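See structure below.
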Amino acid sequence: MVAQYDKTPVIQTKGLVKRYGSVTAIDHADLELYPGEILAIIGDNGAGKSSLIKALSGALIPDGGEILLDGEPVHFTSPMEARALGIETVYQNLAVSPALNIADNLFLGREILKPGILGSVFRMLDKKEMEKRARDKMIELGLMTIQNISQAVESLSGGQRQGVAVARSALFGSKVVIMDEPTAALGVKESRRVLNLIKEVRDRGLPIILISHNMPHVFEVADRIHIHRLGKRAAVVTPQSHSMSDAVAIMTGAMEVDASTEAA
Amino acid sequence: MSSTDPKPSTAVLDHDKVADQATSYVAQFENTDTFVQSFQKFLHKYPIAAPSIVLLIAVFGFSLIVGDRFLSPFNLSLVLQQVTIIGVIGVAQTLIILTAGIDLSVGAIMVLASVVMGRMAIDYGFDAWLALLIGMSVGALAGFINGLLITRMKLPPFIATLGSWNVFFALNLWYSKSETIRSQDISTMAPLLQWLGETINVFGARLTYGSILMLAIFFVIWYALNWTPWGRHVYATGDDPAAAKLAGIRTDRILLSVYVLAGVVCAIGAWVLIGRIGSVSPQAGYTTNLDSITAVVIGGCSLFGGRGSIYGTLIGALVVGIFRNGLALAGVDVLWQEFTVGILIIVAVGVDQWIRRGTA
């Protein structure tokens, strides 16, 4: 799927503000994510990336500005509300329960019950259905080097675990997948597989917001790069229009760019 | 550092592109495990295996040492009767240990509930069913208090239940006036309270209704833990509470429900206790707290939460029962029975650690 910049942004923020006492974490931040793209967000520590992401995933309630989902204003008061509207988040770590198996993890908190009285009265899990859907998703994403869908997640490598977390977001995310440093804890080869997986998810039609400190990773997979500085967008560049050193210069304030010049 | 690299971005990307040519296996293991390592992995995959092996060895060993007397249906059903209370309370303890907690108050909840049941039925002359219901409510309330201390006041379970143990035990002495309700009074006024102590004969084995109820409780809780969303959430909460929360599980609610359910199971244990000893005594079941933890630990449940099977606890309770019974039949002094149980606990936890190390 090719990014469609002429369409309404899937998710957009306008003048988003969040203050903690006298500290302004988000200072009238704008952001647009278009259908079919990977938008990377980079920024120095303390630039307010995490606060922005938390606002998008419902973990933080902004003080001002608005969030638009498909052009409609939305207000999240919890991550559950954001998830219910199709916004999934993949966290750097703490993403999975090691002792549970892959299928259990994919459906954790969103289990499928057996139809009829077994499900409604006895609350019986439909394990077959969950395993089938889990297996289908893992195969679709090319993750089936993982042999057995009922093996415990703790027996998987770090990259495979992150694969499980990405598969979960792809299974339930209908609008947006937000990935917070998905490769930070991984080795070189594992990072590579996760990056390919991210592109795979994008190619299947889910736009992605990727937060990363790893410039080569960002420049490889991102369609556009949102550079965050001092609580707001400093610039949006593309890997074609700017070099990594340009991006770092903008990020650190060494280079001034007019924020309104859309690279798209 | 790539971030200060002056070259255009595309050139820099090549440095880990070569990783594409690397083998596509993210992790591949040469299968060079020794027999011991394979065994270790087997035990890790099937947490119920280790206690089962111990149980089989114990049964086999005692049948060689003691002979037919040990293996008779009568004797084996006696063991089952002896482990019934520990089994029921062990179910409550398993639920809590699966959430990485521990409950030192289970025995006190059981005795308190039994005293309430007895006094309601005998002193106040309530219908026996109503007395049982009130006793169950007391168990649920006690569990609820424990749950609130742990989820709202954020006390560590060990400390919260150490405190409530003393409180419940004191309440029990106060409410019972430290008096025992005699067996004859119960059998004339509220025989239902003793019903679980009655036996039925199955092929020479004398099963009590209490033992059958215990097996039923194990089945129900097994179902709840393995076949319902709630059970998956209990495991997830004990395994990694932060990950469980991110997955949208309200871990505090799960914990609270577990403590309340454990309280109710303890109150069912109170009914079984009255059936077993016939009377209602505020001093009964004093060792049940630690015995229940023993059964859970020998049953292979991890004290760190999230790992273990409810049937492991049944096997753990049976292992303790078989050792006590077998040693008694072999004429070994009681103190050496205690000694053996102590060794079993230490070995069980040691084996658990060893299994864990092997697959870390």
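Placed from the backbone N, Cα and C atoms, the Cβ positions cover glycine too.
Residues annotated as transmembrane segment in TrEMBL: B:48-66, B:78-98, B:104-122, B:129-149, B:155-175, B:207-225, B:254-274, B:295-323, B:335-355.
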Ask   = Which one, B:78-98, B:155-175, B:254-274, has the most C-beta pairs under 8 Å toward the transmembrane segment (B:207-225)?
value = B:78-98
Inquiry  = If contact means at least 3 Cβ pairs within less than 8 Å, sequence distance 6 or more, would you call the transmembrane segment (B:254-274) and the transmembrane segment (B:78-98) in contact?
reply    = yes
Message = Restricting to CB pairs under 8 Å, which listed stretch, B:48-66, B:129-149, B:155-175, B:295-323, B:335-355, is in contact most with the transmembrane segment (B:78-98)?
response = B:295-323
Task = Residue list, the transmembrane segment (B:104-122) vs rest of chain: Cβ under 8 Å, 6 or more residues beyond ends.
result = 85, 89, 92-93, 128, 130-132, 134-136, 138-139, 142-143, 146, 158, 161-162, 164-166, 168-169, 171-172, 175-176, 181, 185-186, 189-190, 193, 262-263, 266-267, 269-271, 273-274, 280, 282, 284-289, 292
Ask   = Hey, which bits of the same chain come close to the transmembrane segment (B:155-175), Cβ under 8 Å, at least six residues off its ends?
value = 96, 101-105, 107-109, 111-112, 115-116, 119, 142, 145-146, 149, 282, 289
